[in-house]
Structure formats: C-alpha cells, structure tokens
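Sequence annotations record features per position, and here Swiss-Prot assigns active site, proton donor/acceptor to HIS346 based on similarity to another entry. For ASN162, ASN185, THR294, THR295, GLY296, TRP316, TYR329, HIS330, the entry in Swiss-Prot reads CMP-N-acetyl-beta-neuraminate binding site, with the evidence type similarity to another entry. Taken from Swiss-Prot, the feature disulfide bond covers CYS157-CYS307, CYS171-CYS371, and the record attributes it to similarity to another entry. Residues annotated as N-linked glycosylation site in Swiss-Prot, with sequence analysis given as evidence: ASN60, ASN72, ASN89, ASN134, ASN219, ASN234. As annotated by Swiss-Prot, topological domain 'Cytoplasmic' applies to 1-6, with the evidence given as sequence analysis. Residues annotated as topological domain 'Lumenal' in Swiss-Prot, with sequence analysis given as evidence: 24-375. According to Swiss-Prot, the transmembrane segment annotation covers 7-23.
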Amino acid sequence: MQLQFRSWMLAALTLLVVFLIFADISEIEEEIGNSGGRGTIRSAVNSLHSKSNRAEVVINGSSSPAVVDRSNESIKHNIQPASSKWRHNQTLSLRIRKQILKFLDAEKDISVLKGTLKPGDIIHYIFDRDSTMNVSQNLYELLPRTSPLKNKHFGTCAIVGNSGVLLNSGCGQEIDAHSFVIRCNLAPVQEYARDVGLKTDLVTMNPSVIQRAFEDLVNATWREKLLQRLHSLNGSILWIPAFMARGGKERVEWVNELILKHHVNVRTAYPSLRLLHAVRGYWLTNKVHIKRPTTGLLMYTLATRFCKQIYLYGFWPFPLDQNQNPVKYHYYDSLKYGYTSQASPHTMPLEFKALKSLHEQGALKLTVGQCDGAT
C-alpha cells in the first residue's frame, strides 16, 4: 500500500513538472508571437527536457525574478576601468561550464551535421512551428560533416558585441590578441579596426542582416557588397541560424547560393534546433528571466565549452555610457534602441546585469570603456 501511494505521488509530481514546463514555453511563445513569431519546435523542446537537470545557481543570488529599473540604468551599471584589478576565477568558470553541459553541448549544438539531414527533409521552424521548410540542395551542400569546433580549446576568447560603446575605445589591438574572436551579425570591421579589431574566427549572421545591411540584395551592387564581406572572412566560421523563422528562408538561400557559386572560403554552420531553448533553459534555471537570448548571450553560453577565459567587448544596452555620454545602439549604423518595447523578444538590460555579476565574480571580463593602452 505504501509503495502504491509513493507511485501515485511520483506520478502527480511528474505531471506537475511537465505542466509548469509547458506553461513557461507557452508564455515565451506568446511573447515571441507578439514580435512576429509563432512558437517553438516540439522536438527541440523534448530534447531540452531530456537534459534539463537543475544547475546550481551562481548568477543571481535572489530566488525572485530580477527586476530592472530602466529610468537611468547606465548609472547603476558602472564597471571599473580596464586598468583596474580583475582576476579570472577558474573555479567558477569550470562550474559554469559543467552546469551548461547539463543543458547543451556547444561542440554538437553549434551546427546541424550533414549526416543528420538530406535534401528534401522537412524541418519545422523554431518560432513558426506551424510552418515548414524543405532542406535545399544548397543548404545540404554547406552543412559541415563534423562540428567546426570538434576538440577545439582556446586560452582566451573575445566575444565582440555591436554596441556603440566600442567607438573610441581603442580595443582593436587587444581584441585581435585573443586566441579566438567571435563577432555578431556580420558587423563591419575594416573601417572601425582601431576600436573593434580585424580578427574573426566565428561570425554570426541572422537572416535579417541581409535586409537591414544589404538591402535584400535588390541589385548587383548590394550582392557584390555582401560577397566582399563574405570573402573577407577568409576561412572563418559563418554561423547562420537558418531554422528560426519562416521569414528568413529566402535570405538564407540567397547567401548559401552566393557562397557556393563564388566558392567563398568560409566554414558554414547552422545551429541545432534545440540550441536556443537549451540556452534559455540554463539561464532561467539561474533565475535570469530572459524572453529570448540575444546573439551575444548565445555566443557566451557556447564559448564556455571551448574557452578557458572569456572577454566581452561591445556589450552595453544603454543609450548613455558610464559618464552619461550618448551611445549609439550599434557602432556602425543608426538603429535605435528597442529593448524597452513590449514587442521586443530580448531583455538586454537583464542579460547585462547577469553578465556584470559574472564579471564581478571573475567568470568573464566585461570591457565597457577604453582598453589598456588606448589613446
């Protein structure tokens, strides 16, 4: 009788956990829907659930959700100058790596591999799960056979965000000195080299970049501009989230076609279907209540797998710097701040608060001003 009672209790608890998980997923799907998406792919959710062991909280000490006052946040997020003492906390970094491995393995999840798909296979979009795409021949040709980061380990990694706080930072030389440099969304580097550096080992490319930065390739001039940018990568990893939303399908195919037609020397990677929700699951477990992780946070989470020390540059989601000077949203364009909108899928100030906490504990180095030696 006692055994039967325990069995019923276990079954009830299991149902409760499943209900709470799907309630959370429904909430994020509704939020994403407000910004143009529809939801998450079931297979990705199921895969995440199979690995989501609870991790030890090391980011937010409070058990309650972090609340961010957006009135004048840059004042509250002052970080010591680059020249001040910062020491890497190797113990904490290793603990975070082990925690993240309970949710995902960056070596595997960084890209779908050729052996797992074939031309014509049907894939449900992560944010438009009622919509599907067929794996094209071009996409299949560009899928890697093995992970581009298989057995890779680096002493120091730089992750370069795109905030205007990089302007006049003089961080280019310091960034280029790192073992592995990650950049976001094909951001231009040549004309900003003094502040952002030139070295690129991995660069992300959201499909929306083709619309925003290359005018949807409306003519030969814009196609040539994109082609030049791709050629400049010269063997780097080009990380394209191809399976997120239906709206990116044509743009991904355009880029794939250009790469193949012009024999561009890049190593393409297309993140796994479960990656985004696995990353979000890790941060939620650590009480960082993000809606959808930004590219920068995704890259940091992945980098913990293969980087001993991680240095962040250009992560600053506020319109004023620490001295109350105006800061451009991106260092290279005139895009406006949009994270305060209810429709925005991102919670950048909340992410920054978590990263700042990790900086203060020595798990990562966050540079938001001038670099050492900058003049």
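Here the Cβ of each residue, glycine as well, is placed from N, Cα and C on the backbone.
Projection of Swiss-Prot feature records onto the structure.
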residue	record	CB count, 10 Å
ASN89	N-linked glycosylation site	17
ASN134	N-linked glycosylation site	11
CYS157	disulfide bond	25
ASN162	CMP-N-acetyl-beta-neuraminate binding site	25
CYS171	disulfide bond	27
THR294	CMP-N-acetyl-beta-neuraminate binding site	20
THR295	CMP-N-acetyl-beta-neuraminate binding site	20
CYS307	disulfide bond	26
HIS330	CMP-N-acetyl-beta-neuraminate binding site	20
CYS371	disulfide bond	19
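Summary for the recorded positions ASN185, ASN219, ASN234: the Cβ-based neighbour count within 10 Å is maximal at ASN185. For the binding-site residues TRP316, TYR329, the ranking by surrounding Cβ atoms (within 10 Å, all protein chains) places TRP316 first. The average pLDDT for the topological domain 'Lumenal' (24-375) in the predicted structure is 85.
Nearest Cα neighbour of TRP316 (CMP-N-acetyl-beta-neuraminate binding site) among the listed recorded positions (ASN89, ASN134, CYS157, ASN219, CYS307): CYS157.
Put simply, CYS171 is the one of the recorded positions ASN89, ASN134, CYS171, ASN219, CYS371 whose Cα lies nearest to the Cα of ASN185 (CMP-N-acetyl-beta-neuraminate binding site). Considering only the recorded positions ASN134, CYS157, ASN219, ASN234, THR294, CYS371 (disulfide bond) has CYS157 as its nearest partner by CA-CA distance.
Considering only the residues assigned to CMP-N-acetyl-beta-neuraminate binding, ASN162, ASN185, THR294, THR295, GLY296, TRP316, TYR329, HIS330, the longest pairwise Cα distance works out to 16 Å. Annotated CMP-N-acetyl-beta-neuraminate site ASN162, ASN185, THR294, THR295, GLY296, TRP316, TYR329, HIS330; additional same-chain residues within 8 Å of its Cβ mean position, judged by their own Cβ, are GLY161, SER163, CYS184, GLY314, PHE315. If you compare Cα positions, THR295 (CMP-N-acetyl-beta-neuraminate binding site) sits closest to CYS157 out of the recorded positions ASN89, CYS157, ASN234. Long-range Cβ neighbours of GLY296 (CMP-N-acetyl-beta-neuraminate binding site) (same chain, at least 6 residues apart, Cβ-Cβ under 8 Å): ILE159, GLY161, CYS184, LEU312, PHE315, GLU351. A Cα-Cα distance of 28 Å separates ASN219 (N-linked glycosylation site) from TYR329 (CMP-N-acetyl-beta-neuraminate binding site).
Across the structure, CYS171 (disulfide bond) and ASN162 (CMP-N-acetyl-beta-neuraminate binding site) place their CA atoms 13 angstrom apart.
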